[in-house]
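Beneath this line is the structure, given in structure tokens, with notes to follow.
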Amino acid sequence: MRSTLTWIFVVPASIALGLLFDYFNVAAAWILAAILVAGGMALIHREELVLNSHVEKAGRGVIGVLAGLPLVGIGIGEVTPYVLPGLAVSIITVALGMSAGVVLAKSVKEISPQTGILCMLPGGSSTLPVIARETGADFRLVALSQYLRLLIVSLSLPLVTSIFNVTATGAAEETGTWWGALLLVVFALVGPYIGKLLHFPAPHIFAPLLLTVVAGQFIPDALVMPNFVAVIAFLIIGWFCGGGLSVQVLKIFARQLPMTLLFIIVTIATCAATALLLSWWMDITYFDAYLATSPGGLETVLALAHEGGSGPAVVSVQLIRLLTLLFLAGYLSTIIRWIVKRGRG
């Protein structure tokens, strides 16, 4: 009974706070609102706020579809020139994240190597907590770390834009079709089961993502996710991340906070340095290169790239890194076991 009453409060409160955050253009407004409301209730009642498993799976599937949508309409030939630069950026940022994650795990005994690495990997803030949930890492610490980084990076990006005097051109409104939207919802609901059947890593993310990308090669103009569906998915992700919060988890996060903030600063600086290399390598402006290497805030990056009239480099490099990140994260537990086994050998 109390669980039902709790949700009667949590749902409208999350929507109200999400609307407020969205009005003030807060990064990841809906997810953060849901985390704060659900986390607050979990802390007040001193027990986990349990989310229906079917609802949670549907939310994860929608996140997978959303991760694939930026690839819709981008031809293979358009992406090919950016594969090597994208992989180079991915290797640098992933190596940095994994190294910082291992250091974090050694510094805070309650944090496993897998949790530490997922906390510190830059990019994929909405997908990494889902992968953490599926791979046995502490998704609560991963969510707190990832959304802290997202907030800092997203707040810094408009400042960078103002430095380069980029003039907004206005984003084209996406329309799509009703049946295209329905197809994406089907991908979100059915995709995870297909992914499990085919033994995909992080099946709730990868299967809907791949279905979306494949469909996008044939009907790119039809595929647009309705905004309200995306909002519901963001709320669901926020609820399952925030609903598991406890005083103990917050204490652990407080102990890791100085290192997390230091790593965020180091990551931003490293990505800014790699942007110099990318600018020279691909003969693009430093502004485009900086957006392409930005450690997170993908939605903000894509919006600023559109406003600044950027070419395909920004989208291509960001998505190559995101796919590399998701693939690695999906197999992270296997990779860690292999490293430990090699170390013992």
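Heads up, the Cβ atoms here are built off N, Cα and C, so glycines get one too.
Your range for transmembrane segment, going by TrEMBL and the list 130-147, 202-219, is 202-219.
When Cβ-Cβ distances below 8 Å are used as the criterion, the transmembrane segment (259-281) is approached by residues 85, 88-89, 92-93, 96-97, 100, 103-104, 107, 119-120, 122, 145, 148-149, 152-153, 156, 288-290, 292-295, 313, 317 of the same chain, each at least six residues removed from its ends. Long-range neighbours of the transmembrane segment (26-46) within the same chain, counting only residues 6 or more positions beyond its ends whose Cβ lies under 8 Å from a Cβ of the stretch, are 2, 6, 9-10, 13-15, 17-18, 20, 125-126, 143, 147, 150-151, 154-155, 231, 234-247, 250, 297, 300. 202-219 is the stretch from 82-105, 178-195, 202-219, 225-247, 319-340 with the greatest number of Cβ pairs below 8 Å to the transmembrane segment (58-76). For the transmembrane segment (319-340), the partner stretch with the most Cβ pairs below 8 Å, chosen from 82-105, 178-195, 202-219, 225-247, is 82-105. Residues 57-58, 60-62, 64-65, 202-204, 206-212, 215, 219, 221-226, 229, 233 of the same chain sit 6 or more residues outside the transmembrane segment (178-195) yet have a Cβ under 8 Å from a Cβ within it. Distant neighbours of the transmembrane segment (225-247): 10-11, 14-15, 18, 28, 30-43, 46, 48-51, 55-56, 58-60, 62-63, 65-66, 69, 126, 129-130, 133, 139-140, 143-144, 181, 184-185, 188; these residues of the same chain sit at least 6 beyond its ends, with a Cβ under 8 Å from one of its Cβ atoms.
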